[in-house]
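Okay, so here's the structure we're looking at.
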């Protein structure tokens with residue numbers, strides 16, 4: 001007999017399907033309840049611990065006294081929290097909501113010291129804190145964990161007095177021992193932190209002097225001594241110390257992150273890259289005078305540019321950094337402008353882009369070893385034109401590694417102007433002439449002036465710039481071959497110093513140290529002086545400036561160094577680009593400071609008014 | 001019934017006649033002919049310099065001064081093709097003369113021609129070239145790499161958007177004329193298809209032929225080799241090569257060719273396995289002919305038919321591979337290519353329709369044309385599908 005589906009069968013199948021669906025839903029529900037339960041459990045445990053601590057404090061009688069003292073003095077807010085405090089006084093201020101951002105790439109690790117990318121340090125800045133911080137209005141240093149500090153007359157010893165009410169996010173107090181431990185931890189050879197060690201090597205020792213005082217002693221005077229000591233992120237000794245015994249476990253770890261900052265990892269040991277997103281939750285025990293407004297900080301991984309823009313348009317991330325051309329177009333887009341505040345500004349720490357002329361290859365000097373050739377190339381590189389055509393005026397020409405607004409910069413120096421005749425004259429002086437009438441210059445030996453310009457292939461604007469420069473150089477009979485490369489391959493050729501010329505960028509700080517890229521000692525393998533630029537005069541000035549603590553005498557030294565670089569043109573300095581950002585309208589209290597836009601500055605200065613809050617947890 | 005008639009036309013001619021019957025294949029060949037025309041005469045169709053001009057009574061042809069070595073080689077090869085199509089020599093002889101002629105032309109051009117190695121396109125719009133008695137300009141007055149630097153930023157203008165310049169298909173991201181780039185890109189598309197498939201064909205026929213003729217151990221080893229090559233993902237190999245050895249069209253051609261011969265080897269092997277027991281092959285062996293003669297003179301012409309199908313599909317897939325690479329931004333830097341232009345269709349969050357429609361349409365039409373031709377060949381060769389095969393009337 002043939003089997004047929006009768007109505008009865010249909011009903012049976014439908015019932016089974018309904019049952020299975022119900023079962024799945026119940027499983028999902030129970031799973032959610034379970035997660036919630038564990039969350040509540042950890043919160044309860046933390047509270048119980050706090051209660052115990054409180055009870056013991058009350059019984060020992062210490063609390064009563066400090067409490068009286070606190071009420072007697074005004075509820076003073078430490079200077080570092082002044083701006084954040086002002087925000088809390090605004091009419092619409094409310095706590096809550098999340099800050100959602102996007103990263104363009106997967107993170108390898110969140111563990112401090114081991115991580116090397118800007119994304120990880122962005123996350124760490126919400127979790128780890130340092131002794132002092134810069135005031136965004138005055139750029140002066142203010143105490144964060146430190147209350148006050150003294151620098152000895154010779155500049156070699158710095159003593160910090162620390163606040164006594166600072167705790168890590170697990171409730172343990174932060175003391176001078178943690179600071180000393182942090183230094184020792186970084187200086188441990190087995191820990192993979194060569195970059196941090198290279199800077200901290202200037203410090204001879206860090207000693208805890210009592211529970212809340214710490215003394216940094218330097219081997220030699222160093223101009224950034226204060227920021228180096230005070231800017232060091234403080235690690236909790238009880239959390240990181242076990243890894244001194246198993247350094248390999250630390251070096252290979254993916255998410256060991258615990259600190260005293262306003263946010264904490266939900267699980268300080270549990271993050272792994274396969275989770276993709278990075279999520280920070282509010283540190284309920286935050287010691288600061290002003291509590292952060294957001295409940296959570298979330299970073300999504302969105303690698304594709306247009307996907308990131310769509311996500312922003314849909315309101316799933318809070319900010320979008322646009323390319324110049326895109327920015328100009330999006331400003332005309334009503335849907336975009338409806339939901340966004342837009343900012344275009346030149347951050348004072350904006351890095352500069354450059355073309356580096358490799359002066360030594362395979363042990364032999366290249367054609368760029370001659371200063372006049374580099375000067376000619378700078379005269380041919382029409383930076384104004386690049387800024388106008390490619391970056392639509394959202395950039396300013398760079399004269400040197402020092403920002404135009406910095407005190408290190410000598411305002412008398414003007415960027416190299418496009419000057420075809422001068423460049424041709426310089427090249428002729430060196431001996432370049434078009435000997436075989438093919439449009440390209442040849443040197444005395446008949447070798448054509450032809451070189452490859454290496455650039456990062458994923459950046460569209462750079463590619464457009466390179467093609468423009470190719471046409472500009474052609475006018476003087478210089479043949480440039482665009483040579484796009486993948487990031488890892490490019491880093492490899494940088495390390496091996498195996499390229500003709502390269503275009504890249506450097507970030508800079510408030511005061512820029514040029515030792516790393518221009519001092520001849522850094523021309524070694526793996527050093528950042530990848531173009532093998534050597535000038536003993538400049539070396540001397542850099543060493544001198546770095547060892548000068550007094551700003552008034554240091555700045556002229558930097559300016560002198562700048563003049564040498566201006567004349568030498570080891571790089572053709574291109575430009576500093578403006579930050580072009582769209583930020584969701586619900587984010588309030590966005591202000592421009594001397595450090596740039598205050599979004600993401602710590603202590604947090606942004607909030608979302610209660611009515612506009614989007615995420616409830 | 002009908003009277004019994006023995007067709008006198010040769011096998012290849014019969015195949016050709018039957019292939020040529022449908023409409024689709026005629027359209028396919030027409031499109032390929034358009035591409036060949038565009039590819040061969042690209043410098044005269046779209047360029048920034050005058051074809052011919054008279055200044056102060058002196059007549060000159062600037063476009064000839066700026067012809068690149070490739071331009072000249074392509075023109076010589078085209079001329080050879082036209083001449084050889086006219087004479088009535090055997091196919092082998094004509095092929096030999098063509099290959100020798102092409103090689104000779106390449107060598108001569110490389111040795112003798114010294115074209116300017118940098119071209120400043122702005123100068124052709126300066127008075128030296130504009131204030132003349134008379135001049136003949138190409139139909140499209142922009143070279144593919146002429147980014148119109150003297151007009152400032154001209155990137156991504158829609159067709160006919162600019163009032164002072166005429167761009168029938170708009171401009172691309174860097175400001176060059178899209179139609180001009182389309183025309184010059186047809187050369188890349190054609191050459192990568194033909195050369196990559198040519199390489200694959202040579203390797204495939206030789207290895208497949210040996211495998212089929214000898215069978216046994218040779219066949220066993222050969223098939224394993226085929227399987228190894230079939231498991232290489234061409235696109236990933238290309239990506240790796242591009243990352244480490246830079247971008248070169250010739251490199252792409254060779255890699256696509258070297259990795260895609262396995263299909264042809266299989267076809268030829270199957271045919272030869274069938275043919276090796278035939279009487280005429282046995283007779284050739286008994287006659288003591290050398291191996292190359294047996295393989296290529298006697299067996300190959302009888303086993304080559306199914307290859308035609310594979311070849312036309314292979315050309316299409318080679319074109320697609322190059323377009324894919326360029327679309328991923330890993331193609332040539334500023335040489336025009338359809339895939340690379342297609343890549344610019346969605347830029348700066350705007351949909352630039354002209355960057356999608358024209359290059360995308362060209363890729364589609366080309367691949368479609370090759371597929372139509374391939375199908376027509378298959379129908380003609382397959383005895384089951386061709387009802388009116390010559391012998392049976």
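Keep in mind that glycine also has a Cβ here, set from the backbone N, Cα and C atoms.
Given the ranges B:156-181, B:234-259, the record in TrEMBL names B:234-259 as transmembrane segment.
When the ranges B:54-71, B:72-89 are checked against TrEMBL, the one recorded as transmembrane segment is B:72-89.
Scored on C-beta pairs under 8 angstroms, the neighbour of the transmembrane segment (B:72-89) with the top count among B:95-113, B:234-259, B:353-373 is B:95-113. The stretches the transmembrane segment (B:29-52) and the transmembrane segment (B:234-259) do not meet in space: the count of Cβ pairs below 8 angstroms, excluding pairs fewer than 6 apart in sequence, stays at fewer than three. Long-range contacts of the transmembrane segment (B:188-214) within its own chain (CB-CB distance under 8 A, at least 6 residues past either end) are made by residues 35-36, 39, 222-223, 225-226, 249, 252-254, 256-258, 260-273, 275-276, 291, 294-296, 299-300, 303, 307, 311, 314-316, 318-319, 321-323, 332, 335-338, 362-363, 366, 370.
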